[in-house]
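Per TrEMBL, the feature active site, proton donor maps to His549. Residues or ranges marked as AMP binding site by TrEMBL: His549, Asn550, Trp551, Thr552, His553, Asp588, Asp698, Gln750. Feature annotation from TrEMBL assigns Zn(2+) 1 binding site to His553, His587, Asp588, Asp698. Here TrEMBL flags Asp588 as Zn(2+) 2 binding site. What TrEMBL records for 472-793 is domain 'PDEase'.
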Amino acid sequence: MEILSRVAGSFAGLWRHRRRPHNDEHISRNHANADDREPNAYQVAKYLQCNPEFLDTYVMDEIQLEQLERWMIRKTQRSRKVTQSVSKNGRKTSLSRWKFCVHADKRQMLQDLIHSLQLRPTKMHVLWELASCICSAVNADGFRLYLTDASDADALHLCLSNSFIDENGDPKPLRIKSDAAIPNYVAKTREPIRFSKGDDDQRFNKDVLDKSEMAHVMCQPIVYPDGSLVAVLELWRRDCGSPFYEEDEEIGCSYLVWGGIAIHYAHLNLVGLKQRKLNDFLLAVVKSIFQDMVSMDMLVSKVMNFAQRLVDADRASLFLVDSKSKELYATIFDVGCDEKTAMNENENELNKAPKEIRFPLGTGIAGQVAMTGEILNIVDAYADSRFNRTIDQITGYKTESILCMPIFIRGNIIGVVQMVNKRSGYFSKEDEEAFEMFAVYCGLALHHAKLYDKIRRSEQKYRVALEVLSYHNTCSESEVEHCLVEGIPLKIPGIDSYDFSPFVIDDFQKAIYSVFMFKDLFGLSRFDKTSLIRFTLTVKKNYRRVPYHNWTHGFSVANTMYSIIKNCPHVFRPNECLALFIGSLCHDLDHRGKNNKFMLDTESPLAAIYSTSTMEHHHFNQTVTILQQEGHNIFSKLNSNEYKQVLSLIKHCILATDLALFFPNKDKLSKLVDNEQFSWTVAEHRMLIQTIAMTGADLSASAKPWAVQTETVKVIFAEFYDQGDEEKKAGRQPIAMMDRDQPEQQAASQLGFLNGICIPCYTLLHRLIPETKPMLTMCNENLERWQQISHDNQKKAQQQS
């Protein structure tokens, strides 16, 4: 009647604004005056009571849905009882006060639901609240909740009922496997069911409800938003109640729409909490394992202790795989945290001197896991034929449940962790998932522990090797004494000439002359004479006996740099001169007679260490290694800043001898000179002229007199041919100038070398340092000689053809 009154009131209000037109064919002109009179609400209500069909048609056609919903909300709120439904123990249920209908205040319902989830966001609590709410909304006498089992998706378990709550008013879960026909059918089909005693339904027996107090049943599936089943809700009424109708089913479905979201939220919250705990645990594992990685045994003990805590196991064992012998082995076998199961005295002795346990792959549970790579979760160990009872018989310990999992690194099984006897129940699927993640960190830790052991052993081997190498690659004290006794000459005629020949003196004299040049340039006030001699003799010893890049070449380059500095005393600053001379002396230390391309092509270990300027980086590192040896640091009296600056400049100078860098350096410097932008005050410009000076000194054999030039070319090609032979052995065809079967290419290759590199280098050097003109002049003379030889070779070839 209240809704009718509201409609009548609306009709009365609308009457004032919606009069029919005067030409309406359905209204007589005789009743025009009557139409002008406004009916009161009573008259309209009386008319609507007598004409319900008109009311129904008018409401359906004319009233907006929003207006109807507002009416229904006001109607529901006015008629709702203030009292709340109270459960048997007096606990108030926040959700069960909602008497649902299709026009209920959904916003308020959702707010209350969110508030409930914030207070207790657990899956069980949400399910219980939701079931209680629906039970109250449809006026059912009771409910039961059947939950799915993660380990058996086809089985339902009676888990919650409105009859079972604990002292705090929380749902008390049961674990009773159910064979109820109707809930199981709903679980399989995901379809709601309504059933009453005596109903003729082919899906169920007529007497399915005879043995219970339930006369009428309604079952509905509760699903996650993705459609997976959470539970089945069973609502029931006694004989005195009416059957469940379609409206009851709609009410339940409407609740379950929101309830599914709430359950999903609760599930995500639970997963998040568990994941956070697991992450915190794994973080503690990583910190502990990687911060205190002392030994493999210590790491194994930590891994097993953490594993026990993770799955609440009584004992733990970790076996490593020996891939060579196809065995599992362990030195720390059975770790437990129970004082009552402590080792006896004999076992304590074994702990002091642990014995290694070994057994073949495929033996026992751990052996099976190591062989197959599959996780084994065994509830009853003695009922499993793969279980080896021998250990239990020896120790007297009873194994009941086992969780055994492989540890992988790069797809290979490196170990197996075996957990024994979960303290509360059995190892679950969640234990497996958590432990599987833990096993990843175990694998990393074990892998790094092995690497750490290898590195530690390699470090000791390296120290031994370094001691051996330093003994054999360091000059002897007798050589130092011999040099000191012979003394450093006060003067060496012609040594500062660009024409000086390195072939006129022996290797020991070259070392004496090198010390003389150093002393002549820098004096000995800031350098120790004995250290200088020892350093020079060791540098001599570290040049290999290859045809060209040997000690003679190193001395010759240092002599040319000495001549440049000596003849141009004010061009370079003191520390630059020091770096240029030492860099020249050491620029080819430990050269193997092969170029950088060969090192890359053959995948040399040096190429793996230095991807660019391979040999040049190695030469610098050898220089630093010699400086670090006892009694060899010629820069020990320099202050810290000077020491760093000199070392940096030495590296710059040695790397500049890579001909691959010559061309970009030449182009940059030539552009500056051509544009008259070069300045000796700009640090970058000074660095560029240093690189050109280093290249000029390195190629100085091309600027020596013809006799020295030809002798040098002879050993250069001997080294080239050695590399070409190695390339042929590797199945590659060497370039023409490195092929000993093409000796006629020597003159042509020298022409290309002089024209393409040497002449441009000395021309640019002469423009900036005019005192280097003799090098350019001699290089041009040698070029003419090679041109003549090339011309003669061509004539001979033409005559022979």
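Quick reminder: no glycine exception, Cβ is built from N, Cα and C everywhere.
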Binding-site residues listed as Thr552, Gln750, least Cβ neighbours within 10 Å: Thr552
Other CB atoms, at most 10 A from the CB of Asn550 (AMP binding site): 19
Predicted model, mean pLDDT over the domain 'PDEase' (472-793): 95
For Asp588 (AMP binding site), the number of other Cβ atoms found within 10 Å of its own Cβ: 25
Cβ neighbour count (within 10 Å, all chains shown) around His587 (Zn(2+) 1 binding site): 28
Output field, Zn(2+) 1 shell: CB within 8 Å of site CB centroid, site His553, His587, Asp588, Asp698 dropped: His549, Gly554, Val557, Ser584, His591, Thr657
Cβ neighbours of Asp698 (AMP binding site) where a neighbour is any other Cβ within 10 Å: 22
Site extent for AMP, whole Å (max Cα pair distance, His549, Asn550, Trp551, Thr552, His553, Asp588, Asp698, Gln750): 23
Distance, His587 (Zn(2+) 1 binding site) to Asn550 (AMP binding site) (CA atoms, angstrom): 11
Nonlocal residues around His549 (active site, proton donor), in sequence order (Cβ under 8 Å, 6 or more apart): Tyr543, Asp588, His591, Gly593, Glu719
Integer Cα-Cα distance in angstrom, His587 (Zn(2+) 1 binding site) to Asp698 (AMP binding site): 9
Number of Cβ atoms other than its own within 10 Å, given for His553 (AMP binding site): 24
